[in-house]
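So the structure is just underneath, and the comments pick up after that.
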Number of protein chains: 2
Amino acid sequence: MQPIIVAVAFVLLITACSPAAVQALPMVEKQEFVTHNFTTFGGEVIPEVRVGWEAYGELNDAKDNVILVTHFFSGNSHAAGRYSEDDAQPGYWDAIIGPGKAIDTNIYYVISVDTLVNQEPYNPNVITTGPSTINPETGAPYGLDFPVVTIRDFVNVQKTVLESLGIERLHAVIGASMGSLQALDWAAAYPDQVDRMISVIGMGAADPWTIATLQQWANPIIHDPNWNQGNYYDGEPPLAGMQQTLGMITLTAMHPLIINQLYADSSPREAAPLQDIRNNFSVVERLQDAARVRATYADANHILYLVRANQLFMAGYQDDLATGLQDVQARSLFIPASNDLLLQPYLAKQAHNTLIELGKDSQYVELEGPWGHLDGVFEISQKADLIKEFLNN
Amino acid sequence: MQPIIVAVAFVLLITACSPAAVQALPMVEKQEFVTHNFTTFGGEVIPEVRVGWEAYGELNDAKDNVILVTHFFSGNSHAAGRYSEDDAQPGYWDAIIGPGKAIDTNIYYVISVDTLVNQEPYNPNVITTGPSTINPETGAPYGLDFPVVTIRDFVNVQKTVLESLGIERLHAVIGASMGSLQALDWAAAYPDQVDRMISVIGMGAADPWTIATLQQWANPIIHDPNWNQGNYYDGEPPLAGMQQTLGMITLTAMHPLIINQLYADSSPREAAPLQDIRNNFSVVERLQDAARVRATYADANHILYLVRANQLFMAGYQDDLATGLQDVQARSLFIPASNDLLLQPYLAKQAHNTLIELGKDSQYVELEGPWGHLDGVFEISQKADLIKEFLNN
């Protein structure tokens, strides 16, 4: 396994050995949804919103077999399946989504939607609307004229997509990391439309530590002179800053256990770094290479907007989390990762405890693994049986 | 307690309630040591090295009552005592260093030395030699012509200071964080001169994760255009980069528990950040204010050199840690902090286990507390009795 691949692999999942993937090879295609005059949580109007979406399985006649999968910061709606038979990697949660799998596409209609301000507007498999989109009023990219958006806005775009399909109720909503924020906010915002909610490596609200840590991700872009207050679309983009940011995201999302395993041949006794402080250790070089790859399809402003959406998060968007969650009707399941150093388990525990104190039905169980935050993607199979049972009950 | 003070308080310790501090008010003064033609671990020669040092207690006639205290990244040799009666804060470990305290200055002669490339060359209470020092060959600051230095070089400067005082043997060496690296390397490099070694919040060697994480601290400086390959002494220093770096160091050194306590009034529901992505949350503003204060006496190149010294660390500087520690004679005591997210307890455990496997005498016990890494400074009193017993046996 090449570390460079693993380090960029937020959207990749190693399922080459999965019998279902080999046998069934379910195909999927990105579809486009367009809506107009979308009003944001902050009260601004976006004249036109375009987002991509994917679906797996069949929508039944009652339209009551729908599971919405909400994606993480660096991901998109490609949650499962392959785009073609020679597609090297399936969607990120292919291990649990597919025929006969935990999220069984023989039973459920599984749908996922690219978020607004998606990290990768230049990824041919992503359709999103954000600061890099052409502002119809000016004919140029919005830049910072694009309104600040929130997790609630991602939810509301998804709701509009679902309504266009005649779907009024979710059998379940499930997401990892930033996806878990959307899942929980769905249950808080539209309590009578959500029957089950699964939060993987998630939180109920951004606490001061998380807000401050996410700001570290924004800093390299903001301080790159090429960022130019977000106006770089007709010049040089802030590539150096964006690469630093993406490198930091990778590192924050991974526990020392996996970094030390993947880069075991890097040593404090390397010769070059002792010669000149500008020489890098091999682990640093290789993480920088991975960050360069991750930057290929990314947009710096989009990353800043995603950071902000996460910082602004409090499920239900009331004065406090308990008030925000008071109307939840969904049965809830929280699956944080024990070794997560980013959205540490105490955050999921806090949301779970808040629901319990409100008399709601909530379960809490931790993933184990060496990846840290990324255990929510790479080790999700550990909880496949639990997820299956939770969904089918 | 003002968060801004706490956040910059690597060198401050809240001991206002310490009876010993109030009653005894031991005074201390910074002294200067000069040596010439110092050869670095990397084989370079520094024509003149000047460092500051402090001492508490009395050196006995046999000169065998010496405890060396080695300081952390952002600190200096002001480990205990006050400079004057109206000095607001004593040295950082005053809670355990003084008459009758764990490190009893009625018994021991306690000495500490400012490291090379100290973070704060412009602090009037720091004397150090590094990139900001005038290069006698050019009459201008060294900049990156200053050789890369290592923890071993810090140790060797201390050894030269001790030799100037006729001291040939250490009753003990103790340090926190980067100080623990020096302490362990003392025991590895000069095994017949060190009787006891105490590593607080420390490690035996920098692993790939730690090397990569420390590089994050360097990046904002390196990418600040004002850094200019280290040549900024006759122009604008890379202040924006340095403030980002110092903000990151503060955050990395503190656990969510304390950040969320100190900044509890910051909320994801603040109004300004929803208006414009350039508006900051209050926790971010206040951490940035603290970083600006921390930058007052700091030099950007010195920080880069300190980062590199830590990245290059392997106690004993052999091919692996076990080889490096094989000659250790000191009894060892490792005191990591359970909640440390920077030098996580597994690092101290690894060094401890290596010594045990080599048949050495080593103990391991963890500090508890909300500070994370900084528990090694702020919560050290928890282990005062253990340290006292360890030193007096």
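Backbone N, Cα and C define each Cβ position, glycine as well.
These figures come from a predicted structure and were not determined experimentally.
Features as listed in TrEMBL:
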ACT_SITE  B:SER177  active site, nucleophile
ACT_SITE  B:ASP340  active site
ACT_SITE  B:HIS373  active site
DOMAIN    B:145-373  domain 'AB hydrolase-1'
SIGNAL    B:1-20  signal peptide
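For B:ASP340 (active site), the same-chain residues lying six or more positions away in sequence with a CB closer than 8 A to its CB are B:ILE201, B:HIS255, B:GLY372, B:HIS373, B:ASP375, B:GLY376. If you take the C-beta of the residue listed as 'active site, nucleophile' and look for same-chain residues 6 or more apart in sequence within under 8 angstroms, you find B:PHE72, B:PHE73, B:VAL200, B:ILE201, B:GLY202, B:LEU342, B:LEU343, B:HIS373, B:GLY376. Under the three-state DSSP scheme, B:ASP340 (active site) falls in the coil class.
For the domain 'AB hydrolase-1' (B:145-373), the model's average pLDDT works out to 98. All protein chains included, B:HIS373 (active site) registers 24 other Cβ atoms within 10 Å of its own Cβ.
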